[in-house]
Amino acid sequence: MVKICCLGAGYVGGPTMAVIAYKCPEIEVVVVDISTARIDAWNSDRLPIYEPGLDDVVEGCRGRNLFFSTDIEKHVADSDIIFVSVNTPTKTRGLGAGKAADLTYWESAARMIADVSKSDKIVVEKSTVPVKTAEAIEKILTHNSKGVNFQILSNPEFLAEGTAIADLFSPDRVLIGGRETVEGRKAVETLKSVYANWVPEDRIITTNLWSAELSKLAANAFLAQRISSVNAMSALCEATGANISEVAYAVGKDSRIGSKFLNASVGFGGSCFQKDILNLIYICECNGLTEVSDYWKQVIKINDYQKSRFVNRIVSSMFNTVSGKKIAVLGFAFKKDTGDTRETPAIDVCKGLIGDRAQINIYDPQVTEDQIQRDLAMNKFDWDHPLHLQPMSPTAVKQVRVCWDVYEATKDAHGVCILTEWDEFKKLDFQKIYNNMQKPAFVFDGRNVVDAEKLRKIGFIVYMIGKPLDAWLKDIPAVV
Ligand SMILES: NC(=O)C1=CN([C@@H]2O[C@H](COP(=O)(O)OP(=O)(O)OC[C@H]3O[C@@H](n4cnc5c(N)ncnc54)[C@H](O)[C@@H]3O)[C@@H](O)[C@H]2O)C=CC1
Ligand SMILES: O=C(O)[C@H]1O[C@H](OP(=O)(O)OP(=O)(O)OC[C@H]2O[C@@H](n3ccc(=O)[nH]c3=O)[C@H](O)[C@@H]2O)[C@H](O)[C@@H](O)[C@@H]1O
């Protein structure tokens, strides 16, 4: 029986390994982590992450051929294939701070693998890493190997949160990069045979190591670039009376462009887009490619612009100040169907409003009060380290109240801000919300989910991203 061990029981390691175990009953899969709390949660009825469909998959194979453990060294020593799916945060100090990937967790994982291995292993990069990382990892492994042979593969993950199980069951492609040697090709074939249990062969792409590593950074950069492109157009729509939904639809109908991933928003969030583009920018700079790094920098600049533009719209519409005003924030997660708040645009929007001394009531169906308070108090990039290594209980932000009901959050509010596109926000009783709000009552929809005409009939002043502006907003400059 082939045995797989995965280091890192996070958003990628957990679901990915659960699906491998589910689809390959003859393979034993053990997911290990340095965080005892995370492993305990994976072994409980309340999994550590919210992901539609995940509970059923875990239930289908946990205890059969899927195990979660903190006994890292034992399971690494016993395995044939070791996936490494640990954090690769943005460095906050030293060389490349603010851009380069911090490979501390990866390096310590590689040293441990070399230390405890007594039989040959295939080591798989599952984390997103800078191109050429495999070379460094290979050196660490071989210089400490005690005669054991290691083959390193790059197998980046393309799942998106909220749709992880569907993405893993039916991926657009699986990408495997390896050394172009006899042993390298054999290792690629071994990993390919795991995925071939459920992924059609023509969707399994094999490349050299560097192409696989770079393709992951490139894919995330292209995806984020689409959002910044449509968001840049949304600002122009507001200035001209064009409608971003109509523009995106017309543009996306061109089959060379395609209709997906063209939803204008308050900005992209999530743990990877910004981190991976910063990483790409740093690699370009290190290779002397200034024009290329400048090009990708702009994707992040537009994203930051979109978030501050949104805050400016709120403040300028509400008589140029939100000081002491109550704003209801609906949605805090970085997208619907996840409880993940890493790099969520809600953090920047809330911080902007708090900076102007607003009182904020936040409601999100999946995010806890503790998480929201931590996010609003934490320094940039601290969120991307293992939970038990993050700064302890920061002081709660007093201007923030977390509510468990939309109607409670919006009661007596001057404005409502929608920051995540949760389906339930499309079905709210806006008449009831309006009746209980201060007047004039504002809705700022950062995800274009509400029916603006219906809300205007009720009496709301409505701002939507990239849509023709209400008369109220037209006369107010977009930037305070
Ligand atoms: N979140 C996502 O949707 C995607 C993330 N990725 C990449 O996958 C990697 C992991 O991301 P997430 O799963 O989101 O992070 P995460 O923070 O949810 O999980 C990482 C886990 O690794 C553990 N860990 C750290 N060092 C360890 C070690 N030496 N041994 C054992 N466990 C260790 C941490 O305790 C943590 O539980 C990152 O490189 C990320 O860029 C790639 C595709 C999608
Ligand atoms: O490397 C990663 O971590 C992953 O990053 C993204 O997945 P994820 O961040 O989970 O979610 P997305 O659906 O890509 O959304 C990212 C952000 O962009 C925003 N978005 C997305 C699409 C769109 O049209 N408009 C828009 O504003 C979302 O609301 C969200 O804030 C990629 O889609 C995955 O392929 C990749 O594996």
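We number each residue from 1, going along the chain as drawn.
Even glycines carry a Cβ here, placed using N, Cα and C.
According to TrEMBL:
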type: ACT_SITE; residues: C272; note: active site, nucleophile
type: BINDING; residues: 8-13, D33, R38, 86-90, 127-128, E161, 272-275, R342; note: NAD(+) binding site
type: DOMAIN; residues: 328-452; note: domain 'UDP-glucose/GDP-mannose dehydrogenase C-terminal'
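Only G8, in sequence order, out of the binding-site residues G8, T90, Q274 have a CB under 6 Å from ligand 1.
With a cut-off of 8 Å between CB atoms and residues at least 6 apart in sequence, the same chain places T90, A224, F268, I300, N303, E343 near Q274 (NAD(+) binding site), listed in sequence order. You'll find the Cα of the residue listed as 'active site, nucleophile' roughly 11 Å from the Cα of N87 (NAD(+) binding site). Neighbour density for T90 (NAD(+) binding site): within 10 A of its CB lie 20 other CB atoms from the protein chains shown.
DSSP gives T90 (NAD(+) binding site) a strand state. Close contacts with ligand 2, defined as a Cβ under 6 Å from any of its atoms, occur at E161, C272 among the recorded positions Y11, E161, C272, Q274.
In sequence order, Y11, E51, G270, F334, K335, D337, T338, D340 constitute the residues six or more apart from E161 (NAD(+) binding site) in its chain with CB-CB distances below 8 Å. Counting residues of the domain 'UDP-glucose/GDP-mannose dehydrogenase C-terminal' (328-452) by DSSP class, helix then strand then coil, yields 43 helix, 20 strand, 62 coil. Spatially close to N87 (NAD(+) binding site) yet at least six residues away along the chain are G8, G10, Y105, S127, D384, H385, P386, judged by Cβ distances under 8 angstroms. Just so you know, of the binding-site residues Y11, D33, the Cβ with the fewest other Cβ atoms around it within 10 Å is the one at Y11.
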